[in-house]
């Protein structure tokens, strides 16, 4: 112990940085013994071991630890494969090369049962030759960097810090040749290759001294992960073989662990350079084509109208009041005919250019020079934007789980009221479903009143499909084809399996059935809502026709739909024993969390149309009864107060109803089934009351707040924001080289950045893809009997 401390103090006082590094590396690291014991939760090891942090090349030696130079036998079992550690500790102990871990590996490699290639072993032996056993302080700098890039057990392992990422870029930047001026494969000494190894640890038969079970630390994620640096001649199979040898040594040291409790579950070695493939080139060409068209149209707009206009173009007014419906942002319900042959003598091509211009579309987005559209439901803008913010908040927490390093503390963090707002953010999707049903009903009733024909119905469906499809598929293409090129890091996805098998399952997204086709492998898993919405949209016009012709029959159909959704949700939850939320039953015991049950909750309940349909049908009914607000009976003051009390109580029960479960009183399976079946109805009824209050003027203050003019542009781009926000959040989290400590404040800061960036990029997607597509769809869907084109209102997610 004391020699190790002496080396550390001496290193701090040493004038030369690399001298300090060599001394610390030579004397103070006892990695293997600590890592082995900490993996099993030994509290004594936590108190005894304080290992140096990685990143010595970044500015100095951080707080380093306790390690005896004579403890080579312990270090020899190091599973981190830090070559310099093995050799320098061996030198201080006076050991022979044959007794080192490298020697033991060499003997094991010669056995036919071990799968390690000769190239990998040769590279390791080459590294061995550059270690001066008698004078380890003379070790070359590039070899020190190789060791420095290895993972080291950190503090707070008992709080769940089981992801040890090492130093990704430090490892990948190592490139050493004998002749640096003329690097050739024959002169290569070391080119670093980073590999992330997952070690599955099942609960041992015996408990540790600290009474901390390994399973409690490894629920999310299921395995201990370590990012190791190896020579680039070592493949993923070689790394697996090296770790299997180290695990065998660990089991030899601790027989009670047993081979059945330790296994290498996954090894990923990201490529240094990824060649551009065909799908990526195709997506880039499409993006460039859209950008070029919009920029040319914008240039035409500037040349013909100037950059700043003091009046609005008549076509802009028509198109702004007559844009088509998409699931997240339809609010205007007028039906306007666009004439592309009139107005100022401008040609059809000129009109199209104006409609594609980024300048014109930005003016329309912010309502510059435009009067409020007739029949616009302004309160929907506020509801939609607040729901979108809620979704991004929930995603900022959920998508950060792979990089949070104190997951064992999550149960404590879930006890408060604020945490329940995060847990129940999935109900924001119920808000979108309610609004979609409301707007489809509200608008199609207007179509029927104006005179219904088959062409209107066909156009109703085609408008929706064509408006959703292009921007959806382009974002999906960016996600599936370009994600691997956007960033890099130890957790960054480079293979298709990590991206949800998009090449084989993207067709299900195109047909909006991805919530049923291998949902556990869904491409862009957050798009399940769009599938549910479109499936319900497919039957909505038929229900609205029934409401229009025989309203009692339509009401009965909606009631049956709501009842069926309630029964389906309750039965499925009861039979499968599903929890009431994605985080389980609300138990404070971490080991009670069941990932498999959570997956079933997602695939069998959360994303299924038959379990989520109730808010949509309630939205259809609400629009039918509120279609003519002037004819709606006004309630008295007392009735309005009672209505708001019931609505707010319903919202409070849905959002905060699981608080007792996270404070020691978890729900039973029956109570969870009741919650899953009735909560969506309660939420939708509360939204229906808000709609009534805003449309009838029962509470004018609510309508003013939700109808604030600044909500409108944010609401208009919400469909694009919904598609891209999870990608942005994943880029932030999965690009990290270090794990981060979870806390509400830290995550809220991340949420704030994600929110701003999501809406900024949502605006870009809207201007360059969504708005141009809307204009092209309007041209394609012109009436065959005239040069006019009848389109409908402004709308998006």
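A Cβ is built for glycine as well, from the same backbone N, Cα and C atoms used for every other residue.
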From 494-516, 747-769, the residue range that TrEMBL assigns the feature transmembrane segment: 747-769
Segment assigned the feature transmembrane segment in TrEMBL (from 447-464, 465-482, 663-680): 465-482
Contact between the transmembrane segment (280-303) and the transmembrane segment (602-625) (3 or more Cβ pairs under 8 Å, separation 6+): no
For the transmembrane segment (465-482), sequence-distant contacts whose Cβ falls under 8 Å of one of its Cβ atoms, 6 or more beyond its ends: 277, 279-280, 282-284, 286-287, 290, 324-327, 496, 499, 502-503, 506, 509-510, 523-524, 527, 530, 534, 719-720, 723-724, 727, 765, 769-770, 773-774, 777, 780-781
Considering the transmembrane segment (385-405), which listed stretch of 526-550, 557-582, 602-625, 637-661, 714-735 counts the most C-beta pairs under 8 Å: 714-735
Range from 417-445, 526-550, 557-582, 747-769 with the greatest count of C-beta pairs under 8 A to the transmembrane segment (602-625): 417-445
Highest-contact recorded stretch vs the transmembrane segment (747-769), from 417-445, 526-550, 557-582, 637-661, 714-735, CB pairs under 8 Å: 714-735
Confidence summary for the domain 'Nose resistant-to-fluoxetine protein N-terminal' (117-271), mean pLDDT rounded: 75
